[in-house]
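TrEMBL annotations:
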TRANSMEM  33-49  transmembrane segment
TRANSMEM  61-85  transmembrane segment
TRANSMEM  160-177  transmembrane segment
TRANSMEM  213-234  transmembrane segment
TRANSMEM  240-262  transmembrane segment
TRANSMEM  274-291  transmembrane segment
TRANSMEM  311-344  transmembrane segment
Amino acid sequence: MIPRRTIETLSFMAVVVIVTAAFIWLLLPYYGAVLWAVILAILFTPLHRRLLKWLGGRQNLAATISLTVCVCIVVVPVTLILASLAQEAARFYGRISSQELDLAAMLARIRREMPPFILDTLTALNLGNLAEIQARLTSFLLQATQTVAGGAVTFGQNTAELFVSLGIMLYLLFFLFRDGADLTEVLHRGSPLDKRHTSHILSKFSSVVKATIQGNVIIAAMQGAIGGIAFWALGLDGAILWGVLMAVLSLLPAIGAALVWLPATGYLLLSGDYVRGAILLAIGTLVISTVDNLVRPLLVGRGTRLPDYVVLVSTVGGLSLIGMNGFVIGPLIAALFLAVWSLFIDDQSHS
């Protein structure tokens with residue numbers, strides 16, 4: 001016969017699991033708002049602690065100032081960038097669909113400037129048909145810009161839901177600033193894991209969030225900004241659109257922004273525009289591609305970095321399964337996976 005004490009313990013644990021699962025289920029419609037509130041709280045906690053010290057421990061005032069700083073540094077710039085991106089994508093889509101941007105003339109110009117051996121190679125690979133290449137390129141550009149523009153329209157149509165999510169994020173962020181230390185203590189006391197394991201996992205969670213945002217997002221923004229400014233200075237169409245695309249692709253290690261500036265360089269060189277092509281190649285090679293190696297070690301300690309192959313696989317998987325939030329959640333899950341298995345192996349070796 002099972003002791004009554006055991007039944008009571010198991011029943012209580014079942015209630016805890018069910019209630020917790022139900023609460024998480026309620027949060028799912030706005031998990032993005034909760035996720036970014038936690039991320040911003042982790043990133044801006046050092047600032048909040050300094051403010052709290054300067055203000056003599058006045059929690060509400062320090063939390064309000066920290067929240068205001070977050071809005072000015074993160075929310076407002078992101079909103080302005082998204083608005084500019086939507087306008088640029090719509091304009092670019094209109095130019096392609098109205099044939100104002102003459103892809104046939106561009107391809108013909110490239111063909112005229114190509115060396116004969118390249119033309120022979122393309123013909124041997126069945127890539128010499130300009131009409132087919134133009135049709136595919138037009139279809140790709142139309143689909144890409146329409147996706148961006150359509151997403152912007154949907155984004156605008158869901159204004160009410162957007163403001164609700166933004167309100168939840170900011171409201172939660174205020175209390176994470178104000179009560180963050182108490183909540184962390186509750187997590188430590190309520191965790192069923194060993195104290196050492198809990199501390200290690202929470203520390204890993206915090207360090208990976210900082211590494212992902214500081215190491216990936218800031219560097220992606222820098223690479224996108226440099227690339228966009230370079231495109232604009234060289235007189236290339238859609239500078240904002242390509243700059244944002246470079247920033248997004250920069251989240252992928254190794255290849256990243258080169259997927260945009262390298263084809264653009266190839267187009268300029270193959271079309272005979274050697275000066276602009278050489279300038280863009282120099283900027284891409286010497287500036288954009290070296291930002292990661294030069295800046296990342298300053299922003300992120302090497303001890304918190306994941307191997308590049310793990311970052312690549314987890315980022316692509318996260319983006320595929322979850323969407324844009326996946327670029328944070330993917331590496332975070334990968335890091336926690338490695339941390340938990342590291343603890344398990346360590347415990348096994350000591351036992």
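Note: Cβ is positioned from N, Cα and C throughout, glycine not excepted.
Of the two recorded stretches, the transmembrane segment (33-49) lies close to the transmembrane segment (160-177), with three or more CB pairs under 8 Å once pairs fewer than 6 apart in sequence are set aside. If one looks beyond the transmembrane segment (240-262) by at least 6 residues along the same chain, the residues whose Cβ comes under 8 Å of a Cβ in the stretch are 81, 84-85, 88-89, 92, 145, 148, 216-217, 219-221, 223-225, 227-231, 280, 283-284, 288-289, 292, 308, 311-312, 315-316, 327.
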